[in-house]
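**Student:** Provided herewith is a single structure, encoded as structure tokens, for subsequent inquiry.
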Amino acid sequence: QEVTLRLHQFLPAQANVPKNILDPWADKIEQESGGRIKIERYPAMQLGGKPPELMDQVIDGVVDIVWTLPGYTPGRFPRTEVFELPFTMNDAETTSRAYWKLAEETMMDQDFAPIKPLGLWVHGPGVIHSSQPIDELSDLNGVKLRAPTRVTNKLFSNLGATPIGLPVPAIPEALSKGVVDATVIPWEVVGALKVSELVKNHTEFPEEAIYTSTFVLAMNKEKYESLPDDLKAVIDSNSGLEFSAFAGKKMQEDDAGPRQAAIDMGNNIIELTPEQAAKWKEAAQGTIDAWIAEMDEKGLDGAGLFKRAQELTASN
Amino acid sequence: MLLNLMDRLARAMAILGGLVLTALIALTCVSVLGRGLNTLGHSAFLTSLSEAAAKALTATGVGPVSGDFELVEAGISFTIFAFLPICQLRGAHATVDVFANSFPRWLNRFLMTFWEVLLSALIILITWRLYVGMEDKMRYGETTFILQFPVWWAYGLSFAAAVIASVVAVYCAIARIAAYVTGQDLTPDAEGESIEPA
Amino acid sequence: MSLLELGYISFPLLLVLIFLRAPIGLAMMLCGLGGLYLATGTPNMFLSKLKSETYSTFSSYSLSIIPMFLLMGQFATHSGMSSSLFKAAESWLGHRKGGVAMAAVGACAGFGAICGSSLATAATMSRVALPELRRYGYSGGFSTATLAAGGTLGILIPPSVILVIYAILTEQNIAKLFLAAFIPGILAAIGYMITISLYVRRNPKAAGTREPMPYAERFRALANVWPVLLVFGLVVGGIYLGWFTPTEGAAVGAAGTGLLALGSGNLTWKMFLDSIIQTALSTGMIFFIVLGAGFYNSFLALSQVPQELSSWVVGQGFSPWVVLTLILLFYLVFGCLMDSLSMILLTIPIFFPVISVLDFGMSPEHLAIWFGILVLIVVEVGLITPPVGMNLFIINAMDRSTPMKETYKAVLWFITSDVVRVILLVLFPSITLFLLAG
Ligand code: NA
Ligand code: NA
């Protein structure tokens, strides 16, 4: 082959995202390039560093492609957070499309200026997994909870819970030992972390989810520019809006298995009614307002971003 | 004279690092205790025993220290960087001497000088890269998750300690070279220090 | 030269640097950085990694357990517990043939329960037990060898710094590793006591005797060691029961031991500062090696050596038991030359993938834990194997009247006991995994 690209990411090779999204994507590129591109895959941070360093690794060209979460480096990709605000995401495919479009409108020269984004997507609806049932807001009172993002940390502390900062792999142990009472993650991750064996209650929200997280598949800019035009075209035709939508859809589809497994284990799935959820939404408004104010303060037009994200989500 | 100054500098840094370590230990214990009391306040056990007591306990707002993990991470990095100068000055870095013991004396003197110089160069390289890393964090405005203090603050603390480590490293390298050339030893003898691998 | 070949030759090259007296962390760093440079053709990769990886290694929450356990060990040496432990063990065992030496081993085991390192255990217990052994007419070589071997209980009995490193490298549960180490640790202590009784039967002149103590006095001595049980129970039990994370457990242990030392009146301000300096020297050394190993291992991963090696081993169809035996022998041989921590950091990223793909008829988690305990024991034997055995050096430095040769001679008995134990643990994995079953 002519070009070898190193793809570095934090999950083991057999996890859902590498297996169902990244591998098919890489295989397709290898094939369509007629074998001229080879994508070497390094799962589980094999090439060193911790997950938050992935972004620097791709910017500096330590590796050529990374899959990571903008949220691993809070403050660095402020605009992406608009899709992580509470109760703004309903369907991962739709939101992923909106995410890519908003990025094209506002982020490529800003947040993502140092990299070449190949795919931008969100995971399926976030779910609260807890040892004690959580139906109402008041059930959160004093619950020690591991929240996944900067925004959800604020949200849950506003809602009366005690957020505890933990890395993802520490969740099972922390749950089993009561270091935390609850964690907030989508179903897709539940299987790998064996969460439904550790806690028996899962609170789901109707329509909009309480949260989602944004992902980015990014390539080193110079490396991309250095490719001959026909190879660039192979990468381009497999990246962007449609790939992002596919990845978001795929991730949400991967929610089904672990959810069914939890039901089969006799776990208690709490599906809140729209009336119950309305109270949560009302309580979460403060977090959204605070985020908008914070962005305005940074001169990023928080209100405009929020409005445009909503429009794009609705129109997809 | 200069050795004395370097030794005091390295010792002071080590002690400063140790005090930070002690503070982190205390912080972690307070956090564990707070979390324990918080759990107790919400527990069925205490509530059944005395609802008033449980309410009173939770009303105090007792809980784990917010952002304890982040504080430990920021602090421990400073501690380790602060421990480096004394390690180098007292030759505490692990080596395998079993073959070297049978080398001729001149070769050993050369090797020790050679490695000392490389080690010092590496520490300076690390310090420089840490500074560049700090600049990155500053430019990108990266913060921590929970307390949301800028990550570069933590880098900055570590960088300050790394600068001292570099100063001591330069001294060690020059002292070794001088010792190699003149045959006079200007570093403290590492023999007899009880260095504990594990 | 292909990247893979580069990976393969880097290992012997690294050993050459180390045997040329390069600081081990520096040697790994040089090979790692050099390898990354040759592999990519530019210095960008390692310059960029240096930008964030030094900080991320030094700021690691899980690695922060190490300075905490080391400080805990320093406090333990000032807590006065070493002499309480020895007095308690001696009052029960001292009148037997070889009993004072057995008491020293027992006290080492007790001390190992609050100290995560071997050398600190050996040094501290020697200070208390060496004069007593000599007073009761125990021969020099026998006394020093007993304490050198006893010192290894410091890392065998949890908490243990080596196990922490192994757990992080292989992404295993620290609490379960600590628990699994418990029975092999007790077996080690029993094995050493049997060794002592065999030794004095063979060399009757090597040990003196004394009259048994009244039971009232024995119980009084025993009552003095409760703080050790308390701290041990709190730390290891608390980590296992999930009252706190391993790092939090280390913090609680350090604070508890510090308070004990303070209460005993032995921990003055000067002693406190001295504890910090000693912790600084060990911590700095360990983290520098961990940092170097991180870079070297990134390069190894890039060169695909571990993957290729493990698929080669599988492809050859070797018996898993033969592979395991070879690996353990490798550690025994290298343990004669190198310190345990460097060996673990250097070799686990290569050996662990190989072991993981072999079928020993147990779950991956159990295999990882069992292998970890076996490796722990064989690298710990390295602390007492001549010519380079850190425990032998430290104790000999405390007893200049005993020639090194006599220590070497007597310690062979204890090494034999270690080897027997390793064989038992290899043949019967359930000894190690027994406590995990429940
Ligand atoms: Na121990
Ligand atoms: Na040895």
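Glycine residues also receive a Cβ, built from the backbone N, Cα and C atoms like all the rest.
Quick paste of what TrEMBL says about this protein:
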type     : residues  : note
TRANSMEM : C:6-39    : transmembrane segment
DOMAIN   : C:13-430  : domain 'TRAP C4-dicarboxylate transport system permease DctM subunit'
TRANSMEM : C:60-81   : transmembrane segment
TRANSMEM : C:101-124 : transmembrane segment
TRANSMEM : C:145-168 : transmembrane segment
TRANSMEM : C:174-200 : transmembrane segment
TRANSMEM : C:221-243 : transmembrane segment
TRANSMEM : C:249-269 : transmembrane segment
TRANSMEM : C:276-298 : transmembrane segment
TRANSMEM : C:318-337 : transmembrane segment
TRANSMEM : C:344-362 : transmembrane segment
TRANSMEM : C:368-398 : transmembrane segment
TRANSMEM : C:410-437 : transmembrane segment
**Student:** For the domain 'TRAP C4-dicarboxylate transport system permease DctM subunit' (C:13-430), provide the mean pLDDT of the predicted model.
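**Tutor:** Averaged over the domain 'TRAP C4-dicarboxylate transport system permease DctM subunit' (C:13-430), the predicted model reaches a pLDDT of 91.
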**Student:** Six or more residues beyond either end and a Cβ under 8 Å away: which residues meet both conditions relative to the transmembrane segment (C:410-437)?
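**Tutor:** Sequence-distant neighbours of the transmembrane segment (C:410-437): 139, 141-142, 144-146, 148-149, 152, 176, 179-180, 182-184, 187-188, 191-192, 194-195, 198-199, 321, 324-325, 328, 332, 360, 362, 366, 369-370, 373-374, 377-378, 380-381, 384-386, 389, 392.
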**Student:** For the transmembrane segment (C:221-243), give me same-chain residues lying six or more residues beyond its boundaries with a C-beta closer than 8 angstroms to one of its C-beta atoms, as numbers and ranges.
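**Tutor:** Residues 79, 81, 84-85, 87-88, 90-92, 110-111, 113-114, 158-159, 174-175, 178-179, 249-250, 252-253, 256-257, 260.
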**Student:** Which bits of the chain, at least 6 residues beyond where the transmembrane segment (C:174-200) starts or stops, bring a Cβ under 8 A of a Cβ in it?
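**Tutor:** Contacts with the transmembrane segment (C:174-200): 65, 96-98, 101-102, 105-106, 108-109, 112, 142, 146, 149-150, 152-153, 156-160, 163-164, 166-167, 206-207, 236, 239-240, 242, 246, 365, 369-370, 372-373, 376-377, 410, 413-414, 416-418, 420-421, 424-425, 431-436.
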**Student:** Decide whether the stretches the transmembrane segment (C:249-269) and the transmembrane segment (C:368-398) have at least 3 CB pairs under 8 angstroms, with pairs required to be 6 or more apart in sequence.
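**Tutor:** Counting Cβ pairs under 8 Å, fewer than 3, so no.
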**Student:** Where among C:6-39, C:60-81, C:276-298, C:318-337, C:344-362 do we find the most Cβ pairs under 8 Å to the transmembrane segment (C:368-398)?
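**Tutor:** Per the Cβ count, the answer is C:318-337.
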**Student:** Given a Cβ distance threshold of under 8 angstroms, which distant residues of the chain, six or more beyond its ends, lie next to the transmembrane segment (C:6-39)?
**Tutor:** 45-46, 49, 285, 288-300, 302-305, 337-339, 342, 345-346, 350
**Student:** Where, among C:101-124, C:276-298, C:344-362, do we find the most CB pairs under 8 A to the transmembrane segment (C:145-168)?
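**Tutor:** If we count Cβ pairs closer than 8 Å to the transmembrane segment (C:145-168), C:101-124 scores highest.
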**Student:** Between C:101-124, C:276-298, C:344-362, who has the most Cβ pairs under 8 Å to the transmembrane segment (C:60-81)?
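**Tutor:** Result: C:101-124.
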**Student:** Report, as numbers and ranges, which residues of the same chain sit near the transmembrane segment (C:344-362): CB under 8 Å and 6 or more residues beyond its ends.
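**Tutor:** Same-chain residues near the transmembrane segment (C:344-362) but 6 or more away: 11, 14, 28, 162, 165-166, 169-170, 289-290, 293, 296-297, 300-301, 305-307, 309-311, 313-314, 320, 323-324, 327, 330-331, 368, 370-371, 375, 379, 429, 433.
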**Student:** At a C-beta cut-off of under 8 Å, are there same-chain residues at least 6 beyond the transmembrane segment (C:101-124) that contact it? List them, or none.
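**Tutor:** For the transmembrane segment (C:101-124), the nonlocal Cβ contacts are 69-70, 72-74, 76-77, 79, 81-82, 85-86, 88-90, 92-94, 132-133, 138, 142-143, 146-161, 164, 185-186, 188-189, 192-193, 196-197, 200, 207, 225, 228-229, 231-232, 235-236, 253, 257, 282, 340, 380, 383, 390-391, 394-395, 398.
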